[in-house]
Amino acid sequence: MRGDPYSKMAETTAEHHRHRHRHHHHLVLKSAIGSRLLLLALIVFFRTLLSPYDTSAALNPPCLSTPNATLSSPLQNAVVWDSVYFLRIVQCGYEYEQSFAFLPLLPLSLSLVSFLPTQTPLFVLSGYLINNLAFVLAALYFYRLSLTLLKDPDIALRATLLFCFNPASVFYSSIYSESLYALLCFGGMYHFVCGRNNLAVLFFALSGCARSNGVLNAGYLCFQTMHRSYHALFHQKRLLLALQIIFVGALRTACIFSPFLAYQAYGYYNMCVGRSHDEIRPWCKARIPLLYSYIQSHYWGVGFLRYFQLKQLPNFLLASPILSLALCSIVHYAKSRPQNFFSLGFLAPMEEKSCGVVFLSDDLSRSKEADSVGKSSSVRVEEHLNLRRRKNVIKGDVATVPIESESAEAWPGYLSASVLPFVLHLGFMACTAFFVMHVQVATRFLSASPPLYWFAAYIMAYPTKYYRWGYVIWAYSIAYIFLGSLLFPNFYPFT
């Protein structure tokens with residue numbers, strides 16, 4: 001008896017998709033490794049070619065606890081900017097108040113190789129190894145996240161390649177916390193959209209140990225909790241379920257904040273407890289003694305509109321490309337889906353919200369058993385539909401297609417309701433970078449925001465009137481890679 005032709009066709013299609021995904025994973029892996037090798041080569045080349053502007057990094061005085069010990073290293077002069085602080089913390093701990101601005105995850109990671117003497121070149125090289133390895137893993141997580149949300153392998157691959165060669169690449173190949181943060185941030189996002197919230201909480205909590213803005217990732221859980229409790233209360237009329245959802249959401253949010261708050265408590269204990277009245281620092285007497293915000297304000301001048309000075313105009317120009325890209329990605333989503341955007345997703349179609357776990361629970365639309373059986377096939381169908389939509393747009397005369405029709409037809413992944421919390425998160429981050437922070441830091445501050453790469457990838461994939469901006473985005477990334485490799489290792493200001 002002959003087999004079912006439809007079953008054979010489905011098996012052939014499934015095998016094709018698996019082969020395609022494996023091929024894309026290999027491309028992501030090669031691109032991530034290749035981009036790091038390129039950056040390291042550029043850093044070594046420009047550092048050899050030019051003399052550093054500031055040579056004080058090689059002057060590494062002994063620790064306060066061991067004043068007679070020598071901390072000099074043959075590669076100490078290759079450490080610049082914040083890398084000096086991170087390595088110093090590994091060697092001496094948190095000695096000074098301003099050193100608490102550098103969160104402990106990267107120093108703790110470097111301490112894992114504490115069997116290496118801190119005076120040897122291998123100790124410094126281990127820092128580069130950890131961060132570049134973390135970047136490769138972050139790229140793999142980012143591809144999986146993009147594929148899960150956008151359901152378009154080609155767009156997910158294009159977005160991941162943009163991340164591999166992003167404008168802040170030099171920081172991802174240096175002894176900075178960007179690589180570890182991106183790994184934990186993308187990993188947490190991926191597990192969040194896959195419904196593994198407990199694992200997502202762990203990743204997000206650790207991201208708050210890498211960079212302070214990691215605690216903002218709690219917003220994803222808050223967004224989900226808000227929608228699930230609303231659905232339980234007003235659609236299902238189940239008050240107890242709504243209260244349970246709120247309680248679990250609050251508990252998960254507290255878990256994400258707890259490592260950062262514990263770090264602040266550690267700083268308070270070190271800097272405030274046991275000090276005389278004359279020695280105690282002003283922030284210790286505050287109603288909420290938050291060390292991190294005081295350091296940022298007192299030592300770095302961070303604050304609302306404090307950077308709005310005429311002399312800072314070059315720094316605003318330096319940050320303008322990344323801020324413009326963020327603004328365009330947010331505005332496009334808001335103009336294409338105004339009802340969804342301005343209602344924070346509450347007015348999004350129920351069938352759209354119930355198709356994933358970002359808004360509602362899986363069991364609101366289907367059982368877990370049915371989901372496990374049908375998930376892969378439904379994803380393959382949607383990927384196929386997205387590919388057909390893209391081909392139709394490429395073949396058609398898009399100049400005659402209205403913007404609303406083009407957006408709804410050609411941007412199904414980026415404009416889906418599940419992308420909304422990521423767009424809102426990017427908006428908050430961009431506003432913080434522009435109005436509060438040293439604005440030039442926006443280039444690396446926003447470099448771990450997925451909507452930037454998703455938006456740019458769609459611009460490049462579809463022949464719309466914005467298509468040529470794709471070349472501009474690539475030119476911007478390449479220019480900043482070379483500019484950063486030239487300036488940053490030689491102790492010249494760059495973001």
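Glycine too: its Cβ is placed from the backbone N, Cα and C atoms.
Computed from a predicted structure; not experimentally measured.
Pulled from TrEMBL, these are the features on record:
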type: TRANSMEM; residues: 27-49; note: transmembrane segment
type: TRANSMEM; residues: 99-116; note: transmembrane segment
type: TRANSMEM; residues: 122-143; note: transmembrane segment
type: TRANSMEM; residues: 181-206; note: transmembrane segment
type: TRANSMEM; residues: 239-261; note: transmembrane segment
type: TRANSMEM; residues: 316-334; note: transmembrane segment
type: TRANSMEM; residues: 414-436; note: transmembrane segment
type: TRANSMEM; residues: 442-461; note: transmembrane segment
type: TRANSMEM; residues: 473-492; note: transmembrane segment
Taking a Cβ cut-off under 8 Å, which residues six or more beyond the ends of the transmembrane segment (316-334) line up next to it in the same chain?
167, 341-342, 407, 414-415, 419-420, 423, 426-427, 429-430, 433-434, 439-443, 446-447, 449, 451-452, 454-456, 473, 476, 480, 495
Can you tell me which recorded stretch out of 122-143, 239-261, 414-436, 442-461 has the most Cβ pairs within less than 8 Å of the transmembrane segment (181-206)?
122-143
Criterion met for the transmembrane segment (122-143) and the transmembrane segment (473-492) (at least three Cβ pairs under 8 Å)
no
Intrachain neighbours beyond the transmembrane segment (99-116), with Cβ under 8 angstroms and 6 or more residues off its ends
82, 85-90, 122-123, 126-127, 130-131, 175-177, 180, 206, 208-212, 260, 263, 267, 271, 291-292, 295-296, 299-300
